[in-house]
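*Asks:* My questions will all concern the structure given below.
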Amino acid sequence: MSRPTRLVIEPSALLHNLSQIKHLAPGKKVIAMVKANAYGCGVREVAPVLDGRIEAFGVACLEEALAIRALGVETPCILFQGVFSSDELSVAVENDFACVLHHAQQLEWLIKTPLPYPIKVWVKVNTGMHRLGFKIHELQKVMGALQTCTWVDKSIGLMTHLACADEPHRPENQQQISLFQEISIPGFRQRSIANSAAIISFPDSQADVVRPGIMLYGVSPFANQNAHDLGLIPVMRFMSAISAIHDNPSFAQVGYGGTWKSDKPSRIGVVAAGYGDGYPRHISEKTPVWVRGREVSIVGRVSMDMLTIDLTEHPDVEIGDEVELWGTHVLVERIAKSAGTVGYELLCQISERVRYK
């Protein structure tokens, strides 16, 4: 039997979340963000489920788009960081990948690299995040260059990204939305601004195309709301099993550094999962896992391959019992808060040795 640490991906949850997105953004096209191996959920598992149900897949780079094509998936892909060299343009157009242009070097490469077919492009404009994107006053010149380039498809899109959408009260959100909506340069056939948080909090930002990421996988983009609050279902269940159980005397120290001990006899379960699998090492006291229909607290330090749980009050738990580290019952948002991070990071840091099932 192989090591029990695994990811269980729920296609029905993925489709439920997509339905929720379409309910929140009726009539809008959907670009499903599947960068970083579909936020750790596995592009092999996710892309075939969404194929034909969305407008396009959003990826970070050419390699991620090619991995989707290798699955036999025909839905278009958009390279959100565009190309990193002029050589990538020919590969992109041959595979019908659209490219985001966000700086002058990319535009120059495109204008100076004749292509056999028209390539679809999106122009990214900086409205306040100050990370990627052309300045607003540069857009007229950019559009002029694209419209005169014979190997650029005329369905040019315009997009921007909100810096603070996960904090809806921040005034920067409406400032960015207003700046974007005020852009009146002709030639842009479709517009996009809304990520997961904006889809939920700023309906006026939905424009023509929305770009859900984290909410597609059943995780909240907000610190003060979880997936259940938003009607989302977690797609990823991070699972393992109990590999050993020990009855310890009073004051027995558990784990590295002996950071946990009980003043009474204790029953300690060992779970086959640790930070080598992507579970966070630094978590707050009494962070739970789910065993036999209840929460059980982690005790002691998380190690590379194992963590330990307090079974003193749970005599029915046995070796081999299934353990949910996060997922349907223990939401990843809760573990992220305990670890002082965000759900995005935890999903994306699952290690390669964890198998998908």
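Including glycine, each Cβ sits where the backbone N, Cα and C put it.
Note that the coordinates shown come from a computational prediction; the quantities given were computed from them, not determined experimentally.
Found this in Swiss-Prot, in case it helps:
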- Lys35: active site, proton acceptor (ACT_SITE)
- Lys35: N6-(pyridoxal phosphate)lysine (MOD_RES)
- Arg131, Met304: substrate binding site (BINDING)
- Tyr256: active site, proton acceptor (ACT_SITE)
*Asks:* Under a criterion of Cβ-Cβ distance under 8 Å and sequence separation of at least 6, what residues of the same chain contact Tyr256 (active site, proton acceptor)?
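*Replies:* Residues satisfying the criterion: Gly300, Arg301, Ser303.
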*Asks:* I'd like the number of other C-beta atoms within 10 A of the C-beta of Arg131 (substrate binding site), please.
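*Replies:* Here the count is 10.
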*Asks:* Look at the recorded positions Lys35, Met304 and tell me which residue has the greatest number of other C-beta atoms within 10 angstroms of its C-beta.
*Replies:* Lys35
*Asks:* In Å, rounded, how far does the Cα of Arg131 (substrate binding site) sit from the Cα of Lys35 (active site, proton acceptor)?
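*Replies:* Approximately 18 Å lies between the Cα of Arg131 (substrate binding site) and that of Lys35 (active site, proton acceptor).
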*Asks:* Which of the three DSSP-derived classes (helix, strand, coil) applies to Met304 (substrate binding site)?
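*Replies:* DSSP call for Met304 (substrate binding site): coil, neither helix nor strand.
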